[in-house]
């Protein structure tokens, strides 16, 4: 039997392979599972030693994450019984809800900045990639190299000039500033990735559309774009993951108005002792959009839509 | 339907000239072949007619209107690509109806037209299938459907059978020709396959290195080649070329090769220098009476005929003779050339020397 056997694996081999795969998945997912679990633990359970694997789930962490609370006298608590489930959780600790926390706003900032810059990177990248792929542009190779060269050092290396520029342009701590910054960083990746995908799309499709009476722009929208969905989806995922997770620039350039979730989550630790369940709840919620986005676009990544339409 | 006139058409890509001042005319309803080896400029010429490339200079008239610098979408032509270029994200019906959608035709009318085209091409059963899983022949039919559905002024086809298997190709060639005869549409067809060109075309343009070598009917091009390139490119096996040196007056009817006198059609111009005696293999007979002799070096049996390769004093000669005639390797036999079919060429330039045979053909070559 060669190493590239085409025979059907035996049951025993399937079992071994299955155990290996599940085991590997468990090991890599452990931190994630731990975070997820911690979000539903009570504060004492979260720091219990030895660690608790089985525990009584509570939403305390999530309530703490989204609200600010103040301690009240027993008389006050007696006089104002809780009306909702989350008030009840707080009530049991001898506290009342004073208002919403800042997490909601920070999370919204992350969504606006992350998806905004992703959209802009992919939009501009698609147009640029199409032009680079289809037209005879003077110094094309030099321009492509120039675009790539913007990625040759880590973006944070230019943090100080950018900080100064943002300050004089009034872009510090603004959504627009962060969207522009992340777009600038992502654009080279986006142009290069998308150009590769565009090059793969045969010109004949657009030419057929031109002959069929469509303008160049209509041909681009109706024939090229549907062919490029796969590439656009893949590029969008990469751009979003970068913008979503970015920490260093967010710390440096945002403080309030446009602060994203990554620099905010660690600050929860300091509010009223080390509230690990709240931090874990924040991390869990922070993970969700990218996971959902990736899962939604996954079918585009896998679907070979151009298969068989052109004979090569 | 329309007449297409090409006038002094030229296309440069940077320093490279793909097409150099071509002029020819395609009559209304003609099945017109652009023939030549790869890189000869035939596809570039077709793409300029389509509007997918803009000419560097020169004019293109479709139906009397100068369209040289107009975009493809405004020329009302149909193009069939070698790789079919069916829209992969649409099914067969949508592919065929796509040109009509751009014209803003009402839906009911589109349905009707598509159904009619599907019936003509015999693809009704696959009309709602995605194009991905279709066979080569069916994809070609869908591509044709997309072309004929809107009654364009002319059809432009870029090696449409090139991507098909040999057995399919034969059948599609017949279908294409039948379709053309039925619709009577002006068709410009690019191919590098001389058999395809001879079999299907009303007229052929033979191109080489961006220039037109000859323009005419398949019969004229085969029997009366204007250049050595054409004589060599068309026909399988190609024309025999016997090189010799001589001096001829206008009106001469014979030439001397290796101390033997061989007949030629009456010459219409004098010539002095290196020449080539061109004769097709089927016009060479093995005859003991002939004074010009050659040694048989190979025979190929092809069923009804055989190809005999001989070594003559002026070069290799291939003869296509009946397969029952005996030709043994190593034998020396006499070669009899059918002098009425002979073309003499100028060995330097490759052009045919004018004679009674080709006079009139060369005039517009």
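Placed from the backbone N, Cα and C atoms, the Cβ positions cover glycine too.
Predicted automatically and left uncurated, TrEMBL annotations should be read as such.
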Notebook entry, point to check: Which one of these stretches, A:176-194, A:195-213, A:252-270, shows up in TrEMBL as transmembrane segment?
Noted result: A:176-194
Notebook entry, point to check: From A:78-99, A:276-297, which range did TrEMBL mark with transmembrane segment?
Noted result: A:276-297
Notebook entry, point to check: Counting Cβ pairs under 8 Å that are 6 or more apart in sequence, does the total for the transmembrane segment (A:276-297) and the transmembrane segment (A:15-37) reach three or more?
Noted result: yes
Next item on the list: Counting only CB pairs under 8 A, let me know which of A:15-37, A:143-164, A:176-194, A:223-244 has the most with the transmembrane segment (A:111-131).
Entry: A:176-194
